[in-house]
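Residues or ranges marked as signal peptide in TrEMBL: 1-21. Sequence annotations record features per position, and here TrEMBL assigns transmembrane segment to 45-67, 79-103, 109-131, 143-164, 170-191.
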Amino acid sequence: MYPVWKVIPIIFLTTFAAVDGGGLPTPERIMCALGLLFGGVGDVLIGLSHEGIVPGAVAFGIGHFFYMTRFFSRPTKVYWPLLVITSVWGLIIGLVCLFPMFYEHPFAVTIMALYAVILSTCLTISGSQYINRQKGDNKEGLLLQYIGFLMFYISDSVLIMSHTGHKLPFSQLIILGTYFTAQYLILCGNIHTGLHVKVIRD
């Protein structure tokens with residue numbers, strides 16, 4: 001039952017994004033809904049078995065690609081300190097949790113590493129767009145997206161640590177709390193920025 005209970009909030013968010021989307025145009029609603037949908041698929045896969053984390057990462061990675069389409073409406077100037085911090089933390093997680101298992105599970109580790117790159121890219125781009133925002137950008141929407149992907153990064157970091165035997169106190173609470181917060185904030189950020197761009201174009 002755990003995968004079912006975990007995915008219920010995502011089903012509601014996906015339905016809202018697809019049907020209403022806070023007033024977003026249909027193409028943008030579809031991208032948001034698809035990102036959430038693949039996140040829900042990833043939730044179920046991870047919850048079904050210990051080995052489900054690999055196909056779950058594939059599903060989440062696909063979902064993040066749909067989220068990334070929302071970044072393309074504005075130019076991005078990379079904020080290098082954020083890129084360095086994100087890369088260093090990703091490397092630490094990789095060295096501690098993933099790479100020791102490479103010879104035994106090369107395919108799984110490769111998939112997880114690729115997923116980490118995708119999520120790190122989302123975090124770096126969202127943070128860079130907020131920090132290096134231009135005049136006329138929607139500050140609140142960009143901040144919500146950035147915090148959302150930061151929450152996603154924290155959730156997945158704790159998840160992979162817990163999954164590989166490096167459990168933190170209250171790890172499940174941290175994972176679920178930051179994950180649900182992340183999905184909600186990313187959707188809210190997409191709505192804010194999408195409506196802002198729509199008003200400017202109109």
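For all residues, glycine too, the Cβ spot is worked out from N, Cα and C.
Through the fold, the transmembrane segment (45-67) approaches residues 2-3, 6-7, 31-32, 34-39, 107-108, 111-112, 114-115, 118-119, 122, 159-160, 163, 186, 190 of its own chain, all at least 6 residues removed from its boundaries and within a Cβ separation under 8 Å. Here the transmembrane segment (79-103) has Cβ contacts under 8 Å with residues 109, 112-113, 116-117, 120, 123-124, 127-128, 131-132, 153, 157, 160-161, 163-164, 166 of the same chain, all six or more residues outside its ends.
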